[in-house]
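Only one structure is covered here, and it is reproduced in the block below.
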Amino acid sequence: MDTLRSHLPKVRIPEPSSRIYKQECCVSFSTPRSEGGLFVDMYSFLAFGREYVMWNYEKTRNPVYLNIQETPKQVSEDRPHKKPTLLAIGVEGGFDSKEPEYEVSYSIVILPEFISLSYPSVELPEKVRLAVDAVLAAVGAERKEEVAAWTADKKQVSPFALSLQQLENGVKVPPSGWKCSQCDKTENLWMNLTDGTILCGRRNWDGTGGNNHALEHYQATNYPLAVKLGTITADLEGADVYSYAEDDTVEDPLLADHLAHFGIDFSSLRKTEMTTAERELDQNTNFDWNRIQEKGKELEPLFGPGFTGLANLGNSCYLASVMQAVFATKDFQRYYYENVKLDDAFKQAPADPTLDLHMQLSKLAHGILSGKYAVPSNKGLENEAPEEPKGKNALTSMLQGQDGIPPRMFKSLIGTGHPEFASSRQQDALEFFQHFLDQVEQNHAAAAGEDPSRCFKFVVEERIMCSVTKKVKYTRKTDNILSLNIPLKAAVNKDEVAAYEKRVAEREIAGEKSDEEIVRPRVPLAACLESFYASEEVQDFYSSAINARTTAIKTTRLATFPDYLVLHMRKFVLAAGWVPKKLDVFVDVPDEIDISNMRSNGMQPDEQLLPETPEEIPEQAGPVADEAIVSQLLDIGFSKVRCEKAAIQTLNTGVEEAMNWLLAHMDDPDIDEPITASGNRETSSAVLVNESDVETLVAFGFLPEMARKALRATVGDVGLLFICVIDVLPSFRI
């Protein structure tokens, strides 16, 4: 106790806004269930496993830690099995989930001697007791970040909260001991903020939850707002306020006043219930994904170095697949695992290692590649005798899959500041891959070190040849993915697909459902690669050699090859009516591919370069309005210049389209200005085109040159381009 008292300056009482880690080690994937438990630094509130806590002591000299250990409860083998009374799993009265229960123990540990003092204890200094109580009562930073990602869309302030009229009915709500006023429920309780009535929440589909009494109370009274009891703490932002009128979780900026009206002192309350968002997150992360994977197949679990799974964090499969692929490369293995020790990464990290990308990538690399966490899961097996092994897979048959490691800290860090990746919504793996490489590149540029993301980079070379003079122009750009079209005309089973589609159509006409297995087109990868490097005719190309527009031949090759080539298959095309459609197709990928014919040979000795393009390029003849459309619009009563402009702007599609355009642009300030040679469109080929915008349009099915021309016409504004397309083609949908 004397030693502890001498270290009291190194003990802090956390504020409601403090980030407290108590579920996972900051430099490893140790948890309170790991050997030795978890050690929470009582000054920085960072957590460390037993193997790593001395690193923190040596770096910070913080000596006082709260040790949290969870050990499985021993379950008697002869305990009576209760008959289920609810159609639910893992709840009182429901079916046994076989999830092990854990006993939690706490102690105060003083480093470097690892002196252990029991907790709770009245002999502990008051400051220590208050600090530990606050740490245990607080929602862990890991949990806060998960919930914040799950509810990335900020809660809206409810207009009902700002004008809420509370009844002067003398109701005072005690700080505990709540019960539904209409039944015996003591959990999932909501207090109506108008009259202070405490009622149970909604009934779930499986019979769990409440009895709908809070909802029924709103339907009877129209009192709109309720707060969930058990979620109210000193941090009022975490309280769960629900608006029945808006049917959504909302923010109540006057919640402190509304609670005080019923005698509730929020600063003294502790969290005892999950919020709606936390419950949704738990249901998502605890879903048994094995139910929907590899149906009907007997799979063999794999364990050991390189076979560590990543746990589901709620719609995080895009992150898991990308990071598994990234750490399968030698460059990332070497930089973040083979050539770096965790303690060195921790020493080089700032005061908070959870905010350092190099530290968190090193942690993730050691977690995936070391094999330390790739061990069989013991969930539900602690007290069960193993079955007798059978067959050649005897060992495998006794083992369950692994728990995997949850990349919480990495996900929170890599998504910081990004509107999509900071959320728990489903994301595109390719977009995340490119965002991840950008972050790694920026991190290494700041640190002036080796950049492992370079292993994916390559240079694309475009060669354009004027069809008249045969002179050429070369341009180069750096990329990290090769985006390929999928040419359905190259499918090797076109006859089988056509026959299948015919049978399906006949059944639909007959009003019958088809239970036949889908026959998908099979396109060889070689055909996709050929579509990339095939020559392409470019219309309306301005040739500086003849100072006029003509056609050109464009070829694309690779000037350099990456160590690892990432292919992106463009599965979206524009179907009838310009509606984006996702292809349902197989791409057959062989074990080896030969891309030597995609190599650029550079400029040849007998080639001549096109002269530099002048700053001002002569405009081509402007588009001409369809006289039939103009005539019909004139008959309606519009002026000629407006009629011609409407026809040109809608590409002479038809009278109805031109009429719609006119009605939408009647108030344009330039509607009556004379038509220029370019049809009042800015079409200078001198407009610089962003190639990433070209790729965006190509992904929707446009040809590359068509995309470039469209971007020049809208001065590179992709948003304006889509507005123009929607104006011209009302059937277009995004």
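Every residue, even glycine, has its Cβ placed from backbone N, Cα and C.
The annotation Zn(2+) binding site is assigned in TrEMBL to Cys180, Cys183, Cys200, His213. Within 10 Å of the C-beta atom of Cys180 (Zn(2+) binding site) sit 21 other C-beta atoms, taking all shown protein chains into account.
If you look up TrEMBL, you'll see 156-266 marked as domain 'UBP-type'.
TrEMBL lists 308-734 with the feature domain 'USP'.
Annotation comment: TrEMBL describes 624-665 as domain 'UBA'. Over the domain 'UBA' (624-665) the predicted model carries a mean pLDDT of 83.
Here the binding-site residues are Cys183, Cys200; the one with the fewest Cβ atoms within 10 Å of its Cβ is Cys183. Same-chain residues that are not part of Cys180, Cys183, Cys200, His213 yet have a Cβ within 8 Å of the Cβ center of the Zn(2+) site turn out to be Ser181, Gln182, Asp184, Lys185, Leu189, Leu199, Gly210, Asn211, Ala214. Sequence-distant neighbours of His213 (Zn(2+) binding site) (same chain, six or more apart, CB under 8 Å from its CB) are Cys180, Ser181, Gln182, Cys183, Lys185, Leu199, Cys200, listed in sequence order.
Secondary structure of the domain 'UBA' (624-665) per DSSP (helix as H, G, I; strand as E, B; remaining residues coil): 30 helix, 0 strand, 12 coil.
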